[in-house]
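Listed features, source Swiss-Prot:
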type	residues	note
ACT_SITE	D109	active site, proton acceptor
BINDING	D6, A7, G8, N9, T10, N11, I12, V13, T132	ATP binding site
BINDING	Y100, G107, A108, D109, R110, T184	substrate binding site
BINDING	D129	K(+) binding site
Amino acid sequence: MILLVDAGNTNIVLGVYKDKKYIASWRISTEGNKTSDEYSIQIMQLLNLNNLNPEDVKGIIVSSVVPNIMHSLENMLRRCFGQEPIIVGPGIKTGINIKYDNPKEVGADRIVNAVAAFEIYKRPVIIIDFGTATTFCSVTENGDYLGGCICPGLRISADALFEKAAKLPRVELEVPRKVICKNTVSSIQSGVLFGYIGQVEYIVKKMKEEMNDGIEPYVIATGGLANLIANETDAIDKVDSDLTLEGLKILYKKNRE
């Protein structure tokens, strides 16, 4: 049984993989001041709720974009499972060629997604990860990670409008029926959601132009808001909610088995 840990800015996603299938996955809040004891309690409770024995965990791999939680997280994993986790970072075997000016700058989440997309789809891909930040990454058919771009996430954009404009309320992220709206809440939703969809479509268009090698890139979306955006645009070919966990599983096999 392999434990997969994806620590993002907002949530930590955990998955348990055994016998070529996922048997459980959970999402807990990322909190910078949480101790290793608190993380230990949470993960042991989650395992117990699913009738999983911690002693059956034979390997662990961690991807994190939150440096200030890593000390507590690693201590928790060592204490609960008695083994050293693989940490996604410089020196790890990926099977892709990172063409960034400084490969060490590429976030662990982007590497994990790129590895998964390359190994699973075997074609040029554009990966959009709708998280706290929205990242766009391009990978060629030969496994060259070309780079991409990073944008404020959808919730960050909406929250910034609420925080900086005194008379505008915080709104739910729901797609309105029309672009031309007749009340403040729907008008904000229209501007934020349709504006974001337009951003996605334009960035995908420009990335395809720059990647042009005769093969149309396949556009994959993942992350918590992927379905919301994908339902409103033809720019996204597929939503793969498990892309990051798949990437962690692949990286574990490359580096431990």
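Placement of Cβ uses the backbone N, Cα and C atoms for every residue, glycine included.
When the alpha carbons of A108 (substrate binding site) and D6 (ATP binding site) are compared, the span between them is 9 angstrom. There are 19 other Cβ atoms within 10 Å of the Cβ belonging to T132 (ATP binding site). Listed in sequence order, the residues of the same chain lying 6 or more apart from G8 (ATP binding site) and placing their CB within less than 8 Å of its CB are T30, V65, V66, D109, G131, T132. Listed in chain order, the extra residues whose Cβ falls within 8 Å of the Cβ center of the ATP site residues D6, A7, G8, N9, T10, N11, I12, V13, T132 are T30, V65, V66, G131. The secondary structure of D129 (K(+) binding site), as reduced to three states from DSSP, is extended strand.
A gap of 15 Å separates the Cα atoms of I12 (ATP binding site) and R110 (substrate binding site).
Across the structure, T184 (substrate binding site) and D6 (ATP binding site) are spaced 37 Å apart at their Cα atoms.
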